[in-house]
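J.: Feature list, courtesy of Swiss-Prot:
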- Asp125: active site, proton acceptor (ACT_SITE)
- His273: active site, proton donor (ACT_SITE)
- Asp125, Tyr213: acetate binding site (BINDING)
- Asp126, His172, His176: Co(2+) binding site (BINDING)
- 118-307: domain 'NodB homology' (DOMAIN)
- Asn142: N-linked glycosylation site (CARBOHYD)
- Asn181: N-linked glycosylation site (CARBOHYD)
- Asn199: N-linked glycosylation site (CARBOHYD)
- Asn246: N-linked glycosylation site (CARBOHYD)
- Asn263: N-linked glycosylation site (CARBOHYD)
- 1-44: signal peptide (SIGNAL)
Amino acid sequence: MRIQLNTIDLQCIIALSCLGQFVHAEANREDLKQIDFQFPVLERAATKTPFPDWLSAFTGLKEWPGLDPPYIPLDFIDFSQIPDYKEYDQNHCDSVPRDSCSFDCHHCTEHDDVYTCSKLSQTFDDGPSASTTKLLDRLKHNSTFFNLGVNIVQHPDIYQRMQKEGHLIGSHTWSHVYLPNVSNEKIIAQIEWSIWAMNATGNHTPKWFRPPYGGIDNRVRAITRQFGLQAVLWDHDTFDWSLLLNDSVITEQEILQNVINWNKSGTGLILEHDSTEKTVDLAIKINKLIGDDQSTVSHCVGGIDYIKEFLS
């Protein structure tokens, strides 16, 4: 596939300058700290999406970065608009001020955060992975996937299949970093490289963003908003990742019973993962319980799918 871009589109992708135009957990926190999402931990991504010439010219690099992507300054990011909250990790929520509106620590949401839906709907994090294809084979409706940039460039065929079948794809950062614990520059790097992975693989720029571990506060929001991104959280957590642990905090049957209970109300966004075969098998069982009357995040709130889609 050869991308056909006009001058304005090319400038928009390279500098992300077009983005300025668009501009509840249920388990014990100690259990949550054991998360193992099992996305590929590599020194350098096993690249399958070619590193585009326009990105090489802009960044000075020749290949996709490893798990710690370099910060590339962007002229539209206004650091004066970013509040000066202290960085914190997942083990120190007691020191996080309430006015920072931390979702992970205080279950706080802002006016533009999406955290529920009028139809009970599944959402999937951490892909694309080899297991994602099994889930796609099952889905008879459009769903929302929040993809890691490092996985997008390794599985462009799966990413493009999701796109072709009408699923909504949002950013989940480049390499699954807990954003409140890193500098402003590192947050920007995680976002910009995830967007560039989507640009290069799917010819589009995301509107929707889900922070890894639900780690978002008003410092993180002040940065992601400048990219035109809107945060998507959740009000139903399956804790499916815990099934990968030797000492799981919840059983599969308990998860399925929770879904049955949630389905009685018929509303909400469910957090799941398509990163492993085990979580995908569970997702298929959940899908059978809920059925096909589900919505993408954009349809839940009557929003757009993407900020920009480039012709190919």
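Just so you know, glycine gets a Cβ as well, placed from its N, Cα and C.
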J.: If we check Cα distances from the residue listed as 'active site, proton acceptor', which of the recorded positions Asn181, Asn199, Tyr213, Asn246, His273 wins as closest?
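T.: For the residue listed as 'active site, proton acceptor', the closest Cα among Asn181, Asn199, Tyr213, Asn246, His273 is found at His273.
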J.: What does the structure give for the C-alpha distance between the residue listed as 'active site, proton donor' and Asp126 (Co(2+) binding site)? Integer Å is fine.
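T.: On Cα coordinates alone, these residues lie 6 Å apart.
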J.: Long-range neighbours only, meaning 6 or more apart in sequence with Cβ under 8 Å: which ones does Asn263 (N-linked glycosylation site) have?
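T.: Correct list: Leu120, Leu289, Ile290.
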J.: With every protein chain in view, how many other Cβ atoms are within 10 Å of the Cβ of His172 (Co(2+) binding site)?
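T.: Result for His172 (Co(2+) binding site): 29 other Cβ atoms within 10 Å.
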J.: Cα-Cα separation of His172 (Co(2+) binding site) and Asn142 (N-linked glycosylation site), in Å?
T.: 18
J.: Tell me the coarse DSSP state (helix, strand, coil) of His176 (Co(2+) binding site).
T.: coil
J.: Mind giving me a neighbour count for Tyr213 (acetate binding site)? Other Cβ atoms within 10 Å of its Cβ, every protein chain shown.
T.: 21
J.: Considering only the recorded positions Asp126, His176, Asn199, Asn246, which residue has the minimal Cα-Cα separation from Asn142 (N-linked glycosylation site)?
T.: Asp126
J.: To see if you understand the setup: which same-chain residues, six or more apart in sequence, place their Cβ under 8 Å from that of Asn181 (N-linked glycosylation site)?
T.: Glu87, Tyr88, Asp89, Gln90, Gly215
J.: Measure from the CA atom of Asp126 (Co(2+) binding site) to the CA atom of Asn246 (N-linked glycosylation site) and give the result in Å, rounded to a whole number.
T.: 21
J.: What's the CA to CA span in angstrom from Asp126 (Co(2+) binding site) over to Asn199 (N-linked glycosylation site)?
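T.: Approximately 18 Å lies between the Cα of Asp126 (Co(2+) binding site) and that of Asn199 (N-linked glycosylation site).
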J.: Using a 10 angstroms cut-off on Cβ to Cβ distances, just flag whichever of Asn142, Asn246 is the loneliest among these glycosylation sites.
T.: Asn246
